[in-house]
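Participant: Features from TrEMBL:
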DOMAIN    41-134  domain 'Ig-like'
DOMAIN    142-226  domain 'Ig-like'
DOMAIN    234-315  domain 'Ig-like'
DOMAIN    332-411  domain 'Ig-like'
DOMAIN    414-501  domain 'Ig-like'
DOMAIN    506-597  domain 'Ig-like'
DOMAIN    604-701  domain 'Fibronectin type-III'
DOMAIN    706-803  domain 'Fibronectin type-III'
DOMAIN    807-905  domain 'Fibronectin type-III'
Amino acid sequence: MQLCLYPHKARATPEQHSTAQHRIHCKYHITTVMAATGFGPIFEEEPLDTVYAEDSPEAKISMNCRVRANPPAAIKWWHNNWEIKLMEQPDEHYSLVGGNLVITNPEKSKHAGKYVCVAKNVYGTTISKEATVKFGYLDQFPTDEREAVYVKEGQGAVLLCAPPSRYPTEVMYRWIYNDFPNFIIPDQRRFVSQTTGNLYIAKVEASDVGNYSCFVSSPTIGKSVFSTPIPLVPQIEMKRYPADIRVRFPKTYALVGQNVTLECFALGNPLPHIRWRKLDADLPPNYEVSMNGALLHLINVQYEDEGSYECEALNVRGMDWYRQWLYVEGAPEWAEHINDTEKDVGSELTLSCTAVGKPLPWIRWLKDGYSYGKGELKFSSLTFEDSGMYQCIAENTWGTIYANAELRVVSCAPTFIYNPVKKTLLGAENGRVVIECKPRAAPKPRFIWKRGSELFSNSSRMFIWDDGSLEILNATKSDEGLYTCYAENDRGKANSTGTLSITEATKITVPPSDVEVTVGETTVLQCSASYDPSLDITFIWTVDSYIINFATDFDHYEQMMNSGDLLIKNIQIAHAGEYICTAQTIVDNTTASANVIVRGRPGPPGGVRVEEIRDTSVKLVWSLGSDHGSLLVYYLIQIKTKLLIRGLFCIAPVFLDGKAEVTEVVDLYPWMEYEFRVYAINELGAGESSLPSIKIKTWDAIPTMSPTDVDGFVGLNGELIVTWTPMKPQYFFGKKFGYVVAFKPHEDFDWKWSTIADPEARRFVYRDTIIPNTEIQVKVKGYNSKGEGPYSLTKVVFSSESAPTEAPLDVYARQVTSTEALVWWLPVYQVPPHWVDGYQIRYWRKYDDNEAAASRVLVHSSVNQTRLENMRPDSHYLIEVRAYNGAGLGPPSEHCEMFTRRPPPSRRLRVYKYVSFTRKWLYIYWDHIYNYWNESYVEGYKVGIFYIRGDHWERYGKLYTTGRHYIDFPMPETGDYVIEIRARCEGGDGPISQILVQGETRQLAL
């Protein structure tokens, strides 16, 4: 048996060594057995911070500590750096149950503080993380009567909570209105700060009169208290007040990975609108706003979320803003920590651990529970005294972490029991042979090699390594024989022997040859070898250092039966490279290589960038991509703008020389964002597109287009109304786009004009009364910050002298859904001065509505039908049509009566999905829905498929209608899809039900 020394804590002094030597050697066997199974203390459960309620009915605190060790560890506890000596000084409050410390009838003055669990056995001592015991309490509110708060209606009010003394300070605030448990529900007008507890009322109303009490709950100790009531007395005076921020979040330090809530609430009349933003950056992607903007929640906050946050309160009377910093920091985390280590006596050792966090953690060490330095521990020559339990501790303001490890310093004579020299050794002729010699020994032994009685020393063909291994170069048959390794140190010596045999060397007889193929073709790389017949041979193929796995790469690679030849099927560009055939036996191996060149479509160009940006052109530069063995014919340019649905299309110049690396892209829109891609074409076809360039915006320019469909008429009150079709965004050509509307009577020389700053505007109303029987000219043009564009063609508008005298005839209406109908009439044709500018349609419920409050729709004179919307389901309606011009309304038509349809069922469908066994078909089915007596009959169902592209959906395929309650589709290959199903009724469509289908890799998920 090998005898290694693992010393105990009691050691002989130099003077006692000679007398104790025999006694120590007598313990070798016991120590060796312990070393095989023993280990120092390892914590499986450590004490946790505890808050004990002072009036808790359970008069007991339990601090848990569970340790795994062999031999079992002795457990002790320390309180505020003083050992709790339960054996020497029994205490009525403390008791030890297993390893747990139980405190009975705890007292704040005696038992609050820091506790650690200390575990010790023969291998060393380890201490647990510190745990604190604190006593929680929540005092009562004072019983003094609180003064009433008088505030004018429309003003803001703040009711102060003034919470009582407490621990922990983290409590929940609510307010009682008049009687318990009538709690105020916060809304846009009322807010309860969870920082101060105060109640804020943005705008006091008469209904707010009453008594208010602050209600404080401590979830940690399970106790609640409330204050005496505060009377709130609104006084009549309704004024408007600007926004005034009263709840302001403080400078906040947050721990990375936690959730953070920032408060901001403003008083004002009208109620202010609150907006949040982060200075110099967008709000984090995982933020939420609640309580009508008063709370900003940052979920799983990260370091990059640090910065200055601003809340802005705005109403029609004014604006207020507030900003403050959020700092994100992190508790210590190990980047590198210590592990159990066994080292030889006298060797060198460095113990180090690295922690990350913010602020940067500092490192300190404990050995067997006592302070042992900072930073990095270095041992130049280990001794038995260095054995023990080491703890690396990293600390910052957010916490402390521990890394524990055992260091054993050992010393023993060499032994080959665990790792003897191999009994049978094989080597290839003319090859290199290495015979390993790795005994277990401490300190490191000296090595000697012999073949029989022949002693070896280092030479040009034989070399003994530092670790004891013997290397033989250019081995021959004469090197066969018995080889023995001898190892010796100051503790003893040992040896081990093996037999070396020399076999025939492996050689490649038919090497692979270079080959050039086209994408999609098949080729064979040959590889044959000669080898020792007593051995088995294996062929291994690699391509550019990647080992081909025929079990997983069978789509393209196959090894030929009974040979080393490699078959490459349906070859692709990615399969080009250097192929190496390795013929390998258990003794040696040899290799041969060949290059496979694959001709295919071009690779993507690289480094696409935009230079020399102008208003309608840019200079585009890129670097040549791989031609993949075929000469490049030309390049194509692709562009992308936000105006395009599909995103990409080709623009001039269409054809560029195959060697081109720069071009000018022309005919672009000014003030438009663009991305560019380039792809090449060779004789085999078009290649892959490059990565897109950085998004750029062309310069702005003066508009060159004018609005279309300019028209006008004189309204019922004599006002001039000018209409046009808005220009598309690509023709804005710059920022601050708007319209200039010009008009004048025909006989006047000077034009009147007005500007409209809204680029989406489509009408202008001139409120001054137009003189009847006047011919008016109108025109419209666009403008931006660079200048004004051209005017549209002039349109002539006539003002009427008198209202129309005829009523529309044959008014007819038909219901479309439960809330919509279509109405038609015969047009009214009259010549000046009674011409028609348009029609007014009125509709109301015959028995339920007042005719004066009827809904109205105005349409142009060129229209003789329209859609009526927002009607009540299952109702009896009257419809009236009148012609009008600038002089007024004509006579009404006869009333048309109609009934709207009953509404569709309001219940959503329950939708399910199923994928076929072959994963080729997707089945969607749903529960049939039945109509109630007051609902429309269900005629069938509509099914639509939408492809999810980024943040928007695109319809995929057609809209399906079916009378069944199931439908099947081919399973989508890739991408995410949403399938919508709704009931189809005569009263319209029912509510939409949706189900998500993930087509990628043919897997589905709800």
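Every residue gets a Cβ built from N, Cα and C, even glycine.
TrEMBL does not curate its annotations; it predicts them automatically.
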Participant: What are the helix, strand and coil residue counts for the domain 'Fibronectin type-III' (706-803) according to DSSP?
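Facilitator: Going by DSSP assignments, the domain 'Fibronectin type-III' (706-803) contains 3 helix, 49 strand, 46 coil.
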Participant: Any chance the domain 'Ig-like' (41-134) and the domain 'Fibronectin type-III' (807-905) are in contact, meaning at least three CB pairs closer than 8 A with a sequence separation of 6+?
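Facilitator: Counting Cβ pairs under 8 Å, fewer than 3, so no.
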Participant: I'd like the per-state residue tally for the domain 'Fibronectin type-III' (604-701) from DSSP, helix first, then strand, then coil.
Facilitator: 0 helix, 43 strand, 55 coil
Participant: Across the domain 'Ig-like' (332-411), what is the average pLDDT of the model, as a whole number?
Facilitator: 91
Participant: Write out how many residues of the domain 'Fibronectin type-III' (807-905) are helix, how many strand and how many coil, based on DSSP.
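Facilitator: Final tally across the stretch: 3 helix, 47 strand, 49 coil.
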Participant: Per DSSP, what is the residue tally for the domain 'Ig-like' (332-411) in helix, strand and coil?
Facilitator: 3 helix, 53 strand, 24 coil
